[in-house]
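As annotated by TrEMBL, domain 'G-protein coupled receptors family 1 profile' applies to 41-290. According to TrEMBL, the transmembrane segment annotation covers 25-51, 58-78, 98-120, 140-158, 207-229, 241-260, 272-290.
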Amino acid sequence: MKPGNWSQVTEFIILGFPHLQGVQAFLFLLLFLIYLTTILGNLLIFLVVFLDSRLHTPMYLFVSILSLLELGYTAATIPKMLSNLLSEKKTISFSGCLLQIYFFHSLGATECYLLTAMAYDRYLAICQPLHYPTRMTPALCVKIAVGCWLGGLAGPVAEISLVSHLPFCGPNRIQHIFCDFPPVLSLACTDTSINVLVDFVINSCKILATFLLILSSYVQIICTVLSIPSAAGKRKAFSTCASHLTVVLIFYGSILFMYVRLKKSYSLDYDRALAVVYSVLTPFLNPFIYSLRNKEIKEAVTRQLKRMGILK
C-alpha cells in the first residue's frame with residue numbers, strides 16, 4: 001500500500017471469547033476470584049520467605065522472587081481482561097497495546113530465566129552438595145536474580161520496535177484475550193514475514209534454550225537421585241524439586257506450542273485456551289504447588305500465623 005493511502009489505527013478492539021457473550025458476568029466473577037487468589041497466594045509466599053529467617057536460602061529466595069514476578073506478570077493482562085468483561089467498548093489504545101505486549105513478554109522471559117536459575121540451584125544442591133554452599137552464595141543469588149530481570153526486560157525491545165513501525169489501517173479487532181504479537185501482526189497492512197521470523201527466532205532462542213537447560217539439569221538430577229541407595233533419601237531429594245518441575249511442565253507446555261512456530265494461520269480458540277493456561281492458570285496454581293507440596297513453607301506459614309495471633 002502506498003504511503004498516504006492509509007490512516008494509522010489509534011486503538012484496537014479486544015474480542016476475547018466472542019462465543020461466550022452471554023456469560024460475561026460469570027466469567028468476570030470467576031476471573032476476579034482467580035486473580036484475587038493469585039495476588040494473595042503469591043504475596044503470602046513472598047512475605048513468608050521474607051519474614052522467616054529459616055527460609056533465607058537460595059532455593060526460597062528464588063521462590064519468593066518468582067512469586068513477586070507473578071504479581072507483575074498477571075497485572076499486565078488480567079485487570080484489562082476484567083475491564084473488558086464488563087465494558088461494551090472493549091478497546092485499548094495502540095500505545096497501551098504495545099505496552100501490554102512489552103510487559104507481558106518481558107516478565108514472561110524473566111520467568112523463563114528464573115525457572116532456569118532454580119533448576120541450576122537444584123542441580124548444585126543435589127548433584128554437587130559438598131560444593132553447594134561455596135558456589136551458590138547469597139551474592140551469586142542476587143547477581144543471578146538481577147540478571148534474570150535485566151535479560152527479561154531487554155528481551156522484547158527489538159520485536160516491539162519492529163511492530164511500532166508497521167502500518168495499521170484497519171481492521172482493528174484483535175482475535176485474542178489480550179494484546180500479543182501474533183494477533184496484532186495479523187492486522188498489519190503490510191507483509192509481516194520479517195516480524196514473524198524475528199519473533200520466531202527470539203522466542204525459539206529464549207524458550208527452547210532455557211527449557212533445554214532445565215531439562216539437562218533434571219536429567220542429571222534424576223541420574224544422581226536414582227544412585228542414592230535408600231528409598232527415603234530418594235524421596236527427600238525428589239521432594240525438593242517436585243514443585244519446581246511441576247511449574248516448569250505447566251508453563252513451558254503451553255508457551256512452547258504458542259510461540260515456537262512460524263505459521264500465521266492457527267486456531268483462534270486453541271490460542272485463547274493456551275493463553276488462559278500460561279497467563280492465568282499458571283500464576284494461580286504456583287502458590288498452591290509451592291505451599292501444598294512444601295513442608296517448610298507450610299511450617300513457616302503456620303509460624304507466622306501464630307506470631308500474628310491468628311493461630312494458637
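Placement of Cβ uses the backbone N, Cα and C atoms for every residue, glycine included.
On a predicted model such as this, the values are computed, not experimentally measured, just so you know.
Counted over residue pairs separated by six or more positions, the transmembrane segment (25-51) shares at least 3 Cβ pairs under 8 angstroms with the transmembrane segment (272-290), which defines the two as touching. For the transmembrane segment (272-290), the partner stretch with the highest count of Cβ pairs under 8 angstroms, out of 58-78, 98-120, 140-158, 207-229, 241-260, is 241-260. A Cβ distance under 8 Å defines the sequence-distant neighbours of the transmembrane segment (58-78), meaning residues of its chain 6+ beyond its ends; these are 31, 35, 38-39, 42-43, 45-46, 49-50, 100, 103-104, 107-108, 110-111, 114-115, 117-118, 121-122, 125, 136, 138, 141, 145, 148, 177-178, 240, 279-280, 283, 286-287, 290, 296-297.
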